């Protein structure tokens, strides 16, 4: 079991939490005990004689005071137990996020976004409910029931025995219904996760759905999932209703039993009317705690399912982004060395060196490992063997966070974030100096983007930059990567599909960039910007050509093509 998993499955409540809950329970028991005793005395005086009834008013006043105290304690009970659950949920949410943020794309790609969202929201809600209402209020409820049963036993052993029997029957029925509920809850979770993932996919690919004429088909698919989920939810609600009915029925049955047995004892002269009123009051005050204990089984069942899901997620592969034994990457010059790097099924013993300040174009056919090579350089892809070094520091010895801090990255899987233009530009360093921001904006000619967006730097960018043109998105992404003057840029098709103006701006910005650049491209015109051109084949470096040599080869190829056209014409 991993450290994260142990922390997730460890003690839910701290000693201080238990102490506060027990103190509230004792205070509530004392207040309720006072109410029962006062009711007993008041009813006995009222039924004794008119003169004695007149003396009951001070007791009635005291009863009112104790009831106010009980109400305040009830409010505190709710607030304190909810706070304990909410704080725990916050702690677990950050633990889960830390685990997720350390996952590489390969480690997280098999998980749907719907299931990940469910881990951070629905599962934590289930656990919070169990902690607050099942454990917190459950402990207080158990104390109240124990105190109430003690009062009933003091008043009448027969009444206490019958009430206890009713509670046991109710508990057995609740456990029976709870098992069925647990099975339904597991099925509901699976259906809800599938539905959430489907909706998320359709939102992100709405244009694809529309342009390929699949709106009706996707609607039909969603309707089937929706109907299936609704059917299960209705069945789940029915079982929950049964649980609540069992709890309510047990409560009413206890009152009925107390009245029936108490009436017999009063008729026999074995019980005073005051004692009967006290017994009814005790049962009345036990009804809510008994209901809470009945629901606790439901809360526990749901929390168990959520806990297993969370533990499964926390047991999945992740990494510490900044371990105590990790070195910090100190890259200044930006010399990158790949030594016999193997990534199963992609790179096959790749070896090459990018000298400091060189701009390297990486070319090759589709799926030969170009983008994977950038991932290895950024340490978001871990090689099976071999190593990568930057300025003679092995990346395997450095913390991922320190590596990320020395890189600027642009790629199709790195979208713009929802928020202002300023937030996107300064995402690496929110406190970046204004002068540096202006320099990067000037280099990428973002004044053009600003001129077309209302609000300037405060202009709102939607998720993924959907409200910007493709050219604007690429320029903002390039500026985001360059801010902070990282010594290395890793660019995956940075100029693909750009209009002529945006391409010219991006090319000029890259020409002026002083650091090391690894740039994946299929475009020979873009490769001409580079100092060297690496060509990959079968996961290996097939050729390493100087930029001048590549440009000369391109000119020669163009001349041959023109001559061939002349001959054909």
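Including glycine, each Cβ sits where the backbone N, Cα and C put it.
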Candidate ranges 242-264, 265-287, 288-310 [criterion: TrEMBL lists as transmembrane segment]: 242-264
Annotated transmembrane segment segment (source TrEMBL; candidates 93-113, 114-134, 135-155): 135-155
Range annotated as transmembrane segment in TrEMBL, from 20-43, 188-211: 20-43
Where TrEMBL places transmembrane segment among the ranges 161-182, 315-336: 161-182
Mean per-residue pLDDT computed across the domain 'ABC transporter' (331-563): 90
Within-chain partners of the transmembrane segment (20-43) [C-beta distance under 8 Å, separation at least 6 from its ends]: 13, 56, 59-60, 62-63, 66-67, 69-70, 73-74, 76-77, 80-81, 84, 136, 139-140, 143-144, 147-148, 151, 273-275, 277-278, 281-282, 285
